[in-house]
Amino acid sequence: MTTKPFVNVIGAGLAGSEAAWQIAKRGVDVHLYEMRPVKMTPAHHTEQFAELVCTNSLRANQVTNAAGLIKEEMRRLDSIIIAAADENAVPAGGALAVDRTPFSQTVTDKLANHERVTVHHEELTAFPEGPTVVATGPLTSPGLAEEISALNGSEGLYFYDAAAPILDKNSIDFDKVYLKSRYDKGEAAYLNCPMTEAEFEAFYKALISAEVAEMHDFEDEKFFDGCMPIEVMAKRGIKTMLFGPLKPVGLENPKTGEQPYAVVQLRQDNAAASLYNIVGFQTHLKWGEQKRVFRMIPGLENAEFVRYGVMHRNTFMKSPDVLLPTYQSKQRSDLFFAGQMTGVEGYVESAASGLVAGINASRLALDTEPVTFPATTAMGSMAHYITHTSAKHFQPMNANFGIFEPLKQRIRDKKERNQALADRALASIDTFKETL
C-alpha cells in the first residue's frame, strides 16, 4: 500500500500558516502542529493562527518599496496571509494594516476547514519523521530549540538579536568619509567617519539623553550581557567609547594626515557593497532617536536606514552555515525552516519564507526537486541573503532593495531605480510561477 504524501508543519504563526496553505493547495496532506493553547508563549494572547503579537501594520503596500513588492509577489502566488490582510485591511495611508482579530480568524478558519489540513494542538520537542517545515518563531520552546541546536551544532542557534543599524550606501556622504582599515592592515575594508572633539561631545550628549525602547516582559537583560548597547557604553563615561567602537588609533585621515578625535566605522554588509552597518552600534534606542542621533555622525547626515539597530529576544539560526536557499537544512534534506528563526525579519518576510518553504516541502513530498526563487525577486533576494551573507556577522534582515541582484544598467534616480527593480521582479515572478 502506497503512503499518501504528507508534510508536517510545526508552528501556526505567519510562516507556518503560509507554509501549510501552500502545501495543502498543492494536494499534499498537512499535519499542522500548534502548541497553543495547551502551552502558551509569553508573547501570545490567543490560540488563533497567525496572531500578530506586535503592531497591526504589515508596512508599505506600494511595489516601489521592497516591503510592498514582496506582498505583490505573494499575492501572485496565492498567499493566505496577504489575502487575509487585504480582506481585513484598515485605513493606513500607503501601508497595509489590518484589524488583527478578524485577520487571524480568517487564516485560522481557512486552514482548520481545509480538507487537506489536520491540526494537532500539542507541543513537539523533537522533529517528526517525514518532510517537515519548522516555523516555531522567535520564542521557540526550549525542547525544540535544543533539537535545533543538536542538528546545527552548538554555534548554529542564537537566542538574542543584537544588530547595529544598516545603511544604504547611496545615502552616505563620501566627501566626508574615507576608506581605511586600522593600521592599514589587510585591504581597506571600512568606511571611516571622522569626528572632531566638539562633534564627538555633541554626539555623546545626544546619545546618553536619547529615548530607549521598552523591553517586552519576556525579554531579559541577561540575553544582552555579551553585546553592550552603545548608549549603555556611553553612560559609563565620556571616554569609554573612545576605547571601544569609536577608537581613532591607527585610522589617520588620508585627506589631512591627522588622527581624528573619534572615528565611527562602517562595515560592508553584503557582497554587492550596497549596504553598510555601523560597527559596534547595537542599540536599544527608539527608531526615531536612532535616525536623529546617528545622523549627527559626519557623513551620515542624510543616511537612509535600511534596518534600525535592535536588541531583543529572538531565536534564530546561523542560516548561511545551515540552510540552503530553498530553506532546506544542509543536515537533513527533508527538513525545512521558515519564519524569523531563519533570519528574515518582519511579518511579511516571515510569511514569505513560509511560502517558499511550503512550496519546496510539497515538491519534496511529491518526489519533485525543490526550487530556488530568482534573486531578482524580493522573495528570492531574501532567501539568497540569509544563505549567502557572511556567517560571522550574520544578523536578521528585512526586505529591501539593497539585497536585490543589481540592475544591469545604472539608474541614478531612486524612484526610477526602484520602479525598474519592481518591474523586473514581477516579470520574474510571473515567469517563475509557470514552472511551479
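For all residues, glycine too, the Cβ spot is worked out from N, Cα and C.
DSSP assigns Ala12 (FAD binding site) to coil, not to a helix or a strand. Listed in sequence order, the residues of the same chain lying 6 or more apart from Ala12 (FAD binding site) and placing their CB within less than 8 Å of its CB are Ala20, Leu32, Tyr33, Glu34, Arg36, Phe49, Ala50, Thr108, Leu111, Val119. Per Swiss-Prot, the feature FAD binding site maps to Gly11, Ala12, Gly13, Leu14, Ala15, Gly16; the stated evidence is sequence analysis.
Report note: the FAD site is defined by Gly11, Ala12, Gly13, Leu14, Ala15, Gly16, and the residues of the same chain whose CB lies within 8 Å of the CB centroid of those residues, excluding them, are Val9, Ser17, Glu18, Ala19, Phe49, Ala50, Ala135, Thr136, Gly137, Ala338, Gly339, Ser350, Gly354.
For the binding-site residues Leu14, Ala15, the ranking by surrounding Cβ atoms (within 10 Å, all protein chains) places Ala15 first.
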